[in-house]
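Trainee: Feature annotation from TrEMBL assigns region 'Disordered' to 1-23. Annotation comment: TrEMBL describes 39-59, 79-97, 104-121, 127-147, 168-189, 201-219, 292-309, 321-340, 366-391 as transmembrane segment.
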Amino acid sequence: MDEEENGKVTAAASATTGGGGGGAPEIPKKSLFRYNSPLVQVGLIGMVCFCCPGMFNALSGMGGGGQVDPTAANNALTALYTTFAVFGIMGGGIYNILGPHMTLFASCSTYGLYAGSFLYYNHYQHQAFAVVAGGLLGIGAGLLWAAQGAIMTSYPPHDRRGTYISMFWCIFNMGGVIGGLIPFVLNFHRTKAASVNDATYIGFMVFMAVGMVISLGILHPSRVIRDDGSSCTSIKYSSVSTEVVEILKLFLNWKMLLMVPASWASNFFYSYQFNNVNGVLFNLRTRGLNNVLYWGAEMIGSVFVGYLMDFSFKSRRARGLLGISVVALLGTAIWGGGLAKQLGYSRHHEPEVKLDFKDSEFAGPFVLYFSYGLLDAMFQSMVYWVIGALADDSEVLSRLWISSNTVILLL
């Protein structure tokens with residue numbers, strides 16, 4: 001059975017789970033904030049990502065993890081993406097076996113540990129803790145993004161998938177906005193090159209701890225009911241052998257293989273943008289301000305592309321082609337501007353003076369950095385939408401999503 005047929009079968013099966021005995025699905029009582037509705041559950045996973053990956057993004061976006069010397073952060077990120085690549089393969093299967101509670105709670109705990117490792121580094125300058133914490137965070141991130149991808153691509157109604165994705169993206173990236181305000185406010189009067197203070201890392205850790213608690217409110221897909229009465233999956237539990245076979249089969253699926261170019265184009269640029277653009281061109285407080293506006297740009301980009309994908313045309317195919325075309329054109333223009341700026345400096349000839357937001361030369365580099373955030377959200381939201389169109393069932397989509405993420409990391 002190919003992926004398209006599998007998606008149809010599982011969707012049909014899930015449509016009968018609410019009615020009992022294979023009858024018509026039971027229509028739930030209408031309520032805007034019904035706890036087991038896709039809207040509330042997508043909102044909750046958005047809050048989890050607001051508190052954990054959102055704050056991680058703000059921490060990373062300062063360049064060097066907030067340190068003057070980026071060596072520890074670079075080594076920690078190397079460990080992170082190494083373990084992420086390994087556990088990315090298994091993340092979808094683990095999520096299908098353990099369910100959202102255990103998967104998300106365990107994964108969220110690794111984010112606070114990572115922030116704490118830099119608090120430790122602020123005092124002792126030993127990077128071993130940061131590297132180990134980075135490796136553990138890679139494991140946690142593989143699990144979290146498997147769960148998040150399954151929820152985001154399978155819970156929403158088919159005709160409003162782009163809207164739900166943009167809603168999630170706005171909540172998630174608000175974490176980067178708030179997280180960016182923390183170092184900006186706490187380090188506002190420090191215009192010279194310096195590492196962020198202890199209060200900055202403690203603030204990140206508090207938010208990450210809150211994310212751990214919120215993760216316990218995410219329901220299993222079999223308990224989430226859409227407004228038409230259909231369930232997001234008809235299977236309550238999976239097995240290790242089933243997950244191993246199904247994940248391996250994905251790498252022979254032609255639809256999955258067509259996602260490889262998109263996977264290659266996603267995520268590789270974060271280290272460059274955070275460390276070699278924001279970290280190299282701007283001083284400490286301006287890096288915090290740039291973080292706020294970078295993640296704010298992501299919110300704008302996600303809303304824009306979500307509208308294109310859901311409301312621009314009646315035909316889903318036409319909406320998809322329009323969204324892909326718009327993202328391609330903007331991407332070419334923005335990275336062209338990035339190339340023009342990069343030709344003016346290199347790692348061996350960095351700018352001698354760090355820009356402050358009060359400087360007259362600030363506007364040009366800032367617009368470029370803002371545009372990077374805008375493009376990232378548009379591209380990622382577009383990929384979510386395309387993957388969500390490949391199947392309907394949470395189990396299938398968790399494997400599809402984490403497999404595409406694995407390709408990102410391996411490339």
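Cβ atoms are placed via backbone N, Cα and C, with glycine included.
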Trainee: Hey, which of 79-97, 168-189, 201-219, 292-309, 321-340 has the most Cβ-Cβ pairs under 8 Å against the transmembrane segment (366-391)?
Mentor: 292-309
Trainee: Give me the stretch from 79-97, 104-121, 168-189, 292-309, 321-340 with the greatest number of Cβ pairs under 8 Å to the transmembrane segment (127-147).
Mentor: 79-97
Trainee: Please tell me whether the transmembrane segment (104-121) and the transmembrane segment (39-59) touch - that is, whether there are at least 3 C-beta pairs under 8 Å between them, with each pair 6 or more apart in sequence.
Mentor: yes
Trainee: When only pairs 6 or more apart in sequence are counted, do the transmembrane segment (292-309) and the transmembrane segment (79-97) reach 3 or more Cβ pairs under 8 Å?
Mentor: no
Trainee: Cβ pairs under 8 Å only, please: of the recorded stretches 39-59, 79-97, 201-219, 321-340, which one is richest in them relative to the transmembrane segment (168-189)?
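Mentor: Maximum Cβ contact count belongs to 39-59.
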